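Annotation source TrEMBL lists domain 'G-protein coupled receptors family 1 profile' at 44-296. Annotation comment: TrEMBL describes 26-51, 63-92, 104-123, 143-167, 199-228, 240-264, 276-298 as transmembrane segment.
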Amino acid sequence: MTMSSNQTNIRDIWYTMTGIPGLEEAHIWISIPICFMYLVAILGNTLLLFLIFAERSLHEPMYLFLSMLALADILLSTVTTPKMLAIFWFQAGGISFGNCVSQMFFLHFIFVAESAILLAMAFDRFVAICHPLRYSTILTPSVIGKMGAAAVTRSFFICFPLVFLVYRLHYCGKNIIRHSYCEHMGIARLACDSIKVNIYYGVIVALFSTCLDVVLIIISYALILCTVFRIPSWDARLKALGTCGSHVCVILLFYTPAFFSFFAHRFGGHSIPLHVHILLANLYVVVPPTLNPIIYGVKTKQIQDRVIQIFYLNKTLC
């Protein structure tokens, strides 16, 4: 690494990611379930995308939003997991500053976009249950496409400033990242000048993107519950709520570890060991992408039927 006085040229910076601090001897064992989940996530979400686009009966708003979620899950796990496994298997933790910033951007970009997709899916359930007669006229293919484009555009404009915020900092030679992938504050903390702007912007982004999405999702489900409990038939109530079950599971799977990590970092102090934070962060990028297609596959009859048809057809051909 080339040094000039007390500062380092960002073109010359190389970082070393340590994986999970304190659990280096267990890296090989930890990598086995992570690798397995990554493969399941890629296969499961790819199969889901294939089913939705190949089966015309699945060209409905709910499944089109689900295809967006599946694509986001593939990207989220792929941005982080291959490098993570390289660290665990080959101790290949070296990464240039530019590549680290790229990974940081895409990680946060996909996370914010996926949060917006979950909000869109909540709106889909709200319209389906509260305004069923207008469902097909409100959520047209054009509107769905615009909602997907809005999710991507919002995420880009929220996350792109993070690149400038880390590039504006001066770095003085600290090059050890105690993590398995690059994220905004992990890079900023290696700088030798004030990172208050980075901290404030990180909090603002969390409040006005992810937290706002959660509030709107809660409002959507509050209105859904009000509508459902006005239905006189218990069977009809259960059927209506049943259509929301998969989405609620996915929401809990996505937001619970994210908020745990956010609050633990800011209010947990040293009560929670660093290796617990990092291990949870590693699982976060593979567990939801792994379980999401399984949850929808188990709870959605149309997807179940299509999967059974494919396997029965393959068995017949064999």
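Counting begins at 1 with the first residue displayed.
From the backbone N, Cα and C atoms, a Cβ is placed for every residue, glycine too.
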Hey, which bits of the same chain come close to the transmembrane segment (240-264), Cβ under 8 Å, at least six residues off its ends?
69, 111, 114-115, 118, 121-122, 125, 128-129, 206, 210, 214, 217, 221, 224, 227-228, 231, 272, 277, 280-281, 283-284, 287-288, 291-292, 295-296, 299-300
Which whole-number mean pLDDT does the model give the domain 'G-protein coupled receptors family 1 profile' (44-296)?
92
